[in-house]
């Protein structure tokens, strides 16, 4: 890294990035809590995935603030420390790689199931994840070895570029495949369409974050703005998974809300004479009654118009049951 220009674009960028990352972490923690309270019957593999991602995200937050403490407090009066690499920085990169692996394995499984077990669509996600992990592991080792940003950029800056580029390509590919599946499955199931739509929207956030980070690294590598963005982008991955899983809550509640208050039993109509003015007819059920204007005059025979007669209509209700086992399949 070249000599930093101003404190605002170096230490200031780290501080702002850490603050926003902490806000996103707080939101993710609320989402994780809501998940465990609302989806107690989910498969154990999903619960373990959420727990692992949240723990990694918590550790990542600790390393982020450890790095901020080192630069802003520990080396407050040392201007030259801005080029020094604290040990928390490579640990942040390692934690980020682990979170990305968990999240994209989740996406790969979703793509695999929704594409009817197509390895052609899901395998590239696994390949890009492995590439991201390898580049982050090598880069972290180099950061521990060189100790200075300028030395890393001079010798192995391409490793950081490779890691960010693979992450951006991975996010773009994942969002594109999910958008393709959304178009292909449109009209088959409202539930699948809704979940796919959420995946595309949330995946676009990580795509935007990773793309912005690599642009700042390539264009403004002489400051730490890219590192502040890197802190926040990692948090988005965890939040995307939690938000996607929790979005099922509203989907499952919609059929219940539509059927709430609907009672069973017959509906009674009272036939009037043909000169009736169309007074409302009483619709009676077990739980509620509704008055709707009904006219029978023109279609009632003369012999029947002089009498009053009750007739009964039976109403049957059809219910649709959605079952979620974590694989986004709908059974009706």
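Placement of Cβ uses the backbone N, Cα and C atoms for every residue, glycine included.
Look at TrEMBL and you will find 167-249 tagged as domain 'DUF6534'. Sequence annotations record features per position, and here TrEMBL assigns region 'Disordered' to 259-284. If you look up TrEMBL, you'll see 12-36, 48-72, 84-107, 119-140, 160-183, 195-220, 226-245 marked as transmembrane segment.
For the transmembrane segment (226-245), the list of distant contacts is 13-18, 20-21, 24-25, 27-28, 31-32, 35, 39, 42, 46, 49-50, 53-54, 56-57, 60, 64, 89, 92, 95-96, 99-100, 102-103, 106, 164, 195, 198-199, 202-203, 205-206, 209-210, 212-214, 216-217, 220: same-chain residues at least six beyond its ends, Cβ to Cβ under 8 Å. Sorting the domain 'DUF6534' (167-249) by DSSP state (H, G, I as helix; E, B as strand; all else coil) yields 72 helix, 0 strand, 11 coil.
Below 8 angstroms of C-beta separation, residues 93, 97, 100, 104, 107, 110-111, 114-115, 121, 124-125, 128-129, 131-132, 135-136, 139, 152, 193, 196-197, 199-200, 203-204, 206-207, 210-211, 213-214, 217-218, 230 of the same chain, each at least six residues beyond the ends of the transmembrane segment (160-183), sit close to that stretch. For the transmembrane segment (195-220), the residues of the chain that approach it from at least six positions outside its boundaries are 9, 107, 110, 114, 160-161, 164-165, 167-168, 171-172, 174-175, 178-179, 181-182, 185, 226, 229-230, 232-233, 236-237, 239-240, 243-244, 247-248, 251, 328, judged by C-beta separation under 8 angstroms.
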